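**Q** Here it is, the structure, as structure tokens.
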Amino acid sequence: DFLCISLVNGFTQLRYNLGDRTVILQTLQKVNANGNTWHSLSAGRVGNEGYLDLDGINITQKAGPGMNALDTHSDFFVGGVSSLNLVNPMAIQNEPTGFTGCIREIVINNRELNLTVTDPKGGANIGDCDGTDCGYTVCKNNGTCQVGNSGFSCSCPREWTGIMCEQSIYCSQNMCGSHAFCIPQPSSFSYTCACALGWTGKYCDNKIRFYIAKFIGNSYIKYTDPFYGKRDLQYSRLSLNFTTNQTEGLIAWMGKSEDEDNDFLAIGLANGTVKVVINLGERISVPLMHRKYFTCSDGRWHFITVVQNQTCIKVFLDEELILFEDIDPQRKYTALNYGGVCYFGGFEIGRKVNIVTTGLFQKEFIGKIKDVVLFQDSKKIQLMKAEGYNIHDGNS
């Protein structure tokens, strides 16, 4: 499998192969090769349907049935490759040669790559394209960069301040403690403090301990499984107790949640009933909903267990088997490669549940969670020792 963007006779070309055939898309217009014109390029695929957009002119290719996952295990290369042997002959039209020019603002699956000296894994023969101290996006939040005798200076929009316009004016005089960070609230010309795990209070200066985690809607816990490397991922299990009076919310997400191809096991509420979604490799799982129970939003404690035995999924609610389904009788993918990461209640601050889960769940969880157990472990997860923000003591 591969996905490749290249220049061919002045045109931009996208080629990809998901395992069955090579798809080729080419722009209608040529690239301006005068060396001082920036072009905006957007390319990719949704399933096996490709798109290529150069400066707002879009080319798409409807695809028939076929493979729809990109299975690659190589590094991601920009501008050239470390060895031409890595380039599939079908990935380019002519003999492969390195790119000559400038590249900036690379965004993959909504995450921007830092094109700096230290961030990439490696590279060779790369120079500074801008040639001034301003560079690209030195000034944050739409600030304007000016080159001076002693470097650069930023002219900031009125709601931002700091050397690089990196700080909101609403947070410039904040009183958030050292275990917090400031979240600007422009509508009220104020701010709130997001408290790290184990701290609470208006300014996050009260230390707490808890065994029951209370989520307030802008909360999350991220737990890294220390035993991930030893797990048999064909037989996964997650169990926990929860209580809520809300009808919507993401309770737990086993998986890295970085892009659409990451495996995951998710538990949440939709319309007051339990919803379980599992992806073992190609987003093949249809959400499993249980219609009988509409009592999960009643403020009482409920015990849920999800068991994955290869492609067979069992869901127990309050010790009763409520769902049992084989999500892929073909057994194409049988392991839950969740990366050793588990989220509870939501995701990192600024990452909305409905966006990260592509609409599978609508809101962050409001309620309490306790007694979380992974696989057949004899001990419960110590939520206090994870990372997270805005978690309150749910013991009382």
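Glycine is treated like the rest: Cβ placed from N, Cα and C.
When I checked TrEMBL for this same protein, it listed these features:
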- Cys102-Cys129: disulfide bond (DISULFID)
- Cys156-Cys165: disulfide bond (DISULFID)
- Cys176-Cys193: disulfide bond (DISULFID)
- Cys195-Cys204: disulfide bond (DISULFID)
- 1-129: domain 'Laminin G' (DOMAIN)
- 130-166: domain 'EGF-like' (DOMAIN)
- 167-205: domain 'EGF-like' (DOMAIN)
- 210-396: domain 'Laminin G' (DOMAIN)
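Help me understand the surroundings of these features in the structure.
**A** Cβ contacts within 10 Å of Cys129 (disulfide bond), excluding its own Cβ and spanning all protein chains shown: 12.
Less than 8 angstroms from the CB of Cys156 (disulfide bond) sit Cys139, Asn141, Gly143, Gly162, Cys165, each of them six or more residues away in the same chain.
Around the Cβ of Cys176 (disulfide bond), the number of neighbouring Cβ atoms within 10 Å comes to 19.
Note on Cys195 (disulfide bond): other Cβ atoms within 10 Å of its Cβ, all shown chains, come to 26.
For the domain 'Laminin G' (1-129), the DSSP counts in helix, strand and coil order read 6 helix, 44 strand, 79 coil.
Within the same chain, residues 104-105, 115, 172, 184, 186 sit at least 6 positions outside the domain 'EGF-like' (130-166) and bring their C-beta atoms closer than 8 Å to a C-beta of that stretch.
Residues 158-161, 218, 221, 349, 384, 386-393 of the same chain sit 6 or more residues outside the domain 'EGF-like' (167-205) yet have a Cβ under 8 Å from a Cβ within it.
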**Q** Rounded to the nearest angstrom, how far is the Cα of Cys176 (disulfide bond) from the Cα of Cys195 (disulfide bond)?
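**A** Roughly 9 Å, rounded to the nearest whole number.
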**Q** Distance check, please: Cα of Cys193 (disulfide bond) against Cα of Cys204 (disulfide bond), rounded to an integer number of angstrom.
**A** 7
**Q** Taking Cα atoms as reference points, which of the disulfide-bonded residues Cys102, Cys129, Cys204 is nearest to Cys176 (disulfide bond)?
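**A** Minimum Cα distance from Cys176 (disulfide bond) across Cys102, Cys129, Cys204 lands on Cys204.
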**Q** Output, ordered by sequence, the same-chain residues six or more apart from Cys204 (disulfide bond) with a CB under 8 Å from its CB, or 'none'.
**A** Cys176, Gly177, His179, Ala180, Cys193, Ala194, Cys195, Ala196
**Q** Using CB atoms and a 10 A radius, I'd like the single residue among the disulfide-bonded residues Cys102, Cys165 with the highest neighbour count.
**A** Cys165
